[in-house]
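K.L.:
Let me give you the structure first, and then I'll get to my questions.
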Amino acid sequence: MKRTFQPNRARRKKKIGFRARMDTSGGRRILSARRRKGRKTISA
């Protein structure tokens, strides 16, 4: 059986990168929540 995580740098950037997060209101909400929580990394 194939594993569920198939790493792909381009797809990762496109889906959960900083620019992708900043593109939508929901994404910006995610970033602010992670900043508020004090995450060391806020996006991929």
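Every residue gets a Cβ built from N, Cα and C, even glycine.
Residues or ranges marked as compositional bias 'Basic residues' in Swiss-Prot: 31-44. Per Swiss-Prot, region 'Disordered' is recorded for 21-44.
Tell me about the surroundings of these features in the structure.
P.N.:
Through the fold, the compositional bias 'Basic residues' (31-44) approaches residues 12-13, 16-18, 20-22 of its own chain, all at least 6 residues removed from its boundaries and within a Cβ separation under 8 Å.
Each residue in the region 'Disordered' (21-44) gets a DSSP state, and the totals come to 16 helix, 0 strand, 8 coil.
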